[in-house]
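*Asks:* Have a look at this one before I ask anything.
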Amino acid sequence: MDQYVPKGVTYLPCFILMDPNPIRTALNVCKDLIAHKVYAVIVSHPLTGDLSPAAVSYTSGFYHIPVIGISSRDSAFSDKNIHVSFLRTVPPYSHQADVWVELLKHFNYMKVIFIHSSDTDGRALLGRFQSTSQSQQDDVEIKVQVESVIEFEPGLENFTEQLLDIRSAQARVYLMYAGKKDASVIFRDAGMLNMTETGYVWIVTEQALEANNVPEGTLGLKLVNATAEQAHIQDSIFVLTSALRELTSMKNITEAPSDCETSGTIWDTGKQLFEYIMKQELLDGQTGKVAFDENGDRVNAEYDVVNIKENQVQEAVGHYLFSREVDRMRLTLDDTAILWPGRIRTKPEGFMIPTHLKVLTIAEKPFVYVREAKDDKCNQDEIPCPHFNSSDDGTGAIDTVMHCCRGFCMDLLQELAKTINFTYSLALSPDGLFGNYVIRNTTVGGKKEWTGLIGELVAERADMIVAPLTINPERAEFIEFSKPFKYQGITILEKKPSRSSTLVSFLQPFSNTLWILVMVSVHVVALVLYLLDRFSPFGRFKLANTDGTEEDALNLSSAIWFAWGVLLNSGIGEGTPRSFSARVLGMVWAGFAMIIVASYTANLAAFLVLERPKTKLTGINDARLRNTMENLTCATVKGSAVDMYFKRQVELSNMYRTMEANNYDTAEDAIEDVKRGKLMAFIWDSSRLDFEAAQDCELVTAGELFGRSGYGIGLQKGSPWADAVTLAILDFHESGFMESLDNRWILQGNLNLAQCEQNEKTPNTLGLKNMAGVFILVAGGIAFGVVLILIEMVYKKHQTRKQKRLELARHAADKWRGAIEKRKTLRATIAEQRRLKANGVNEPVSLSLSVEALHVLPPVSMTGMVVGPPHPAQCLGQGWPGSGTASGAASGAPSGTTTPCDLRQRGRLASVGASVGRPEQIHVAGVASVTSPPRGPRSRSTSPHSWVYSDADGSE
């Protein structure tokens, strides 16, 4: 054939019979093949034994002579480190995993149990199945999951224990790779446990089909043309000739090795020829399309799907062939021709539907109310719900602390259990979170995993989530949702902006400028009133008083009092203007005061009573939320559906970066901070926030709903309960059960909401918070008055002391002047006496004293001591100037009596004395003269109120 063999080229055949002994086979290869300088070897298998092809591969591979196997299917030949130049036109046993994946997808079996022997082919088959089922499917929702893997050592005698372990598993589809003998033991023990009857599915490999007790309904695979050696030899020769034709046109071919004893070098042309063979594709080969992968294994091999029927009859019910139309392998099956275990014609479900489910929930009002059960007993409308903890071994452990749950979702769970007939054990979320998709460990290559409720469901530690779980794409990739049982959206919760009632709230009706102008106007008007009344010629006039006195003009103090009194609408009892001009100004000022007071009253009502608080935000599109520079704190719950929504929205990326640092762990904490005013806006599900706003009149939701979605029940991927739960929820919507749950749990807060709306319609009343500043103003006035009276008392006391000091000083001065006059009188008297003596007059002068003068003489003691003039302090109470007593007789003295104080006051009494001795007559202020004994030098006694005179002889 010119298309394969160039003209002038001849290929010479050389063949030997394979020996069952691999050593002799290796020797024969050296002696009968390599000695003939062969370029390639095609190897089949001996009648007995299976190691001889490996000996051919080892020997030829030493010189890199290409070897094409046509019957060896062991996975060990795929290892290019050992079989460096081995290719084959038959696929290894592990490639059956590709057909298994297609079968499972066709039958929609998403969960299986894998049984294999612990040899190279068994482990290779498991590895290829896992990689193929996870990587070769575009739709991530139909990935096949291996629920359990059972590995056994070849040479089984009993397999009952392993079967009992997987009997309680949910999956009922068994994939088995085993040899003929091992498969016979497994089928025997499975039949004894009734695990080959109705509801079970067995899919096995070619070797297992050779057992003599394969159960009816088993599906297996058979390689097409597996034993057609002539067809494989022909395809191999065509592949070799095509590779040699390309090689001769591109490279120089060197001579092949010829002696195993002397030649020890690697044949480079053999390495190149091996690479060219691996690149060849034979579209119309005798065994189908012939092509090789990177390991030299045949790809696109064709299989028949075999069904075991009665009497161990193997019937092909499908084919796995290469399709040129789609350029890939395709599976075709006749489902109606398949006989399943138990001799049924309908496809089994492939799994056991569990009747007892592990259900998880989370505290979220009003859907789930949680309280701690102190006595480990729950009420009739409550469900026990301890915390759920996942242990390291993958099992779920329950805390000893009991909690009780009730609410919207709990009623829904109970109704679901009754409707679709299952039992359940309820538990709370282990970490109190819905779940977030995060990197568990921070090491290089850390794997992202789900936390919270979603994590427990993905790890298959729980079967169902009954909670207000928002349906979103991120979660739907890993878990399955039912139809929504409640539709909702996202909204914003904030606290109503309260009116700022400060201590000066009563000043709010007027601006600061207006208040200053009013204060200035009061005093300006008072000053003008004072001036008008003072300088007006008619500002002073006589009043109809009996005493005929005349009232003064309006002084400045009275003018200020009048201006303030008119402004504050208080009665003016005195100090009113008297002149006509001042009274005209007073009337104008009264009109001004009336307008000011009326305006203040109206504005006070508007500020403190009629003002209605409004929401600060208009919704998610509010510029203050979008602007990261605005001083506005907003947040949501970490890892929640709302958090994921903001991550998806590109236009909200700036807002999300701002709020990400403020996000809370739970919605409860965020709502409490909103109530305290610490958080300005909380973004969360509308159902919860509407409920909170109905419960607390201080809270309000802002704007319209956005990011509309629904709450669904979460299930494992491929859960058998998914369809039943969805149908039940749809039925609940139609029957009105969901509406009754809304009325009982969610709309119950509307009663309080109506009360809040009623409060909004009624006008606000003023309280102490609004008018506290007025009371403080009164208290301040009282305190200021007390301080002023204290100042007045201190000032008056100071003035009294000062006046007393002045009086004392004046009295001392008067006393000093009296003493001077007395000395002058004494000197004059002495001089007169001396003059009389000088003139010879020795007779005493007789003086007549009036009765009044006699009364003023000082009393003379029994001992002749004369009491001197009274001290000024003794006369304060007897008409002394400044004493406050009228001049005249002393207290207790008869009327008309002249006292020594009277004489002292009038300056007529200097000193009167008498002694027992010679009498002398002296003249007293020109009124009378008295007889007085001569006195010696004057000395002051210890008494401050008397003077003692001593005679010349020392007598007093």
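Just so you know, glycine gets a Cβ as well, placed from its N, Cα and C.
TrEMBL lists these features:
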DOMAIN    356-748  domain 'Ionotropic glutamate receptor C-terminal'
DOMAIN    387-459  domain 'Ionotropic glutamate receptor L-glutamate and glycine-binding'
BINDING   P468, T470, R475, D685  L-glutamate binding site
SITE      L617  site 'Crucial to convey clamshell closure to channel opening'
SITE      K647  site 'Interaction with the cone snail toxin Con-ikot-ikot'
DISULFID  C697-C756  disulfide bond
COMPBIAS  883-900  compositional bias 'Low complexity'
*Asks:* In Å, rounded, how far does the Cα of R475 (L-glutamate binding site) sit from the Cα of C697 (disulfide bond)?
*Replies:* 35
*Asks:* If we check Cα distances from P468 (L-glutamate binding site), which of the recorded positions L617, K647, C697 wins as closest?
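*Replies:* Of the recorded positions L617, K647, C697, K647 has its Cα closest to that of P468 (L-glutamate binding site).
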*Asks:* Just the number: how many Å between the Cα atoms of K647 (site 'Interaction with the cone snail toxin Con-ikot-ikot') and T470 (L-glutamate binding site)?
*Replies:* 15
*Asks:* How many Å lie between the Cα of T470 (L-glutamate binding site) and the Cα of C697 (disulfide bond)?
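*Replies:* Here the two Cα atoms are 27 Å apart.
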*Asks:* Need one number for the L-glutamate-binding residues P468, T470, R475, D685: the maximum pairwise CA distance in Å, whole number please.
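*Replies:* Largest Cα to Cα distance for the L-glutamate-binding set is 17 Å.
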*Asks:* Looking only at the domain 'Ionotropic glutamate receptor L-glutamate and glycine-binding' (387-459), what is the model's average confidence as pLDDT?
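*Replies:* In the predicted model, the domain 'Ionotropic glutamate receptor L-glutamate and glycine-binding' (387-459) has a mean pLDDT of 79.
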*Asks:* What is the separation, in Å, between the Cα atoms of C697 (disulfide bond) and L617 (site 'Crucial to convey clamshell closure to channel opening')?
*Replies:* 17
*Asks:* In whole Å, note down how far the CA of L617 (site 'Crucial to convey clamshell closure to channel opening') lies from the CA of D685 (L-glutamate binding site).
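*Replies:* About 17 Å separate the Cα atoms of these two residues.
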*Asks:* Could you list the residues of the same chain, at least six apart in sequence, whose Cβ is under 8 A from the Cβ of L617 (site 'Crucial to convey clamshell closure to channel opening')?
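*Replies:* Sequence-distant Cβ neighbours: I492, E494, R624, L625, A681, A702, G703.
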*Asks:* For the L-glutamate site (P468, T470, R475, D685), what does the 8 A shell look like? I mean other same-chain residues with CB within 8 A of the CB centroid.
*Replies:* F434, L469, I471, N472, S640, A641, S709, Y711
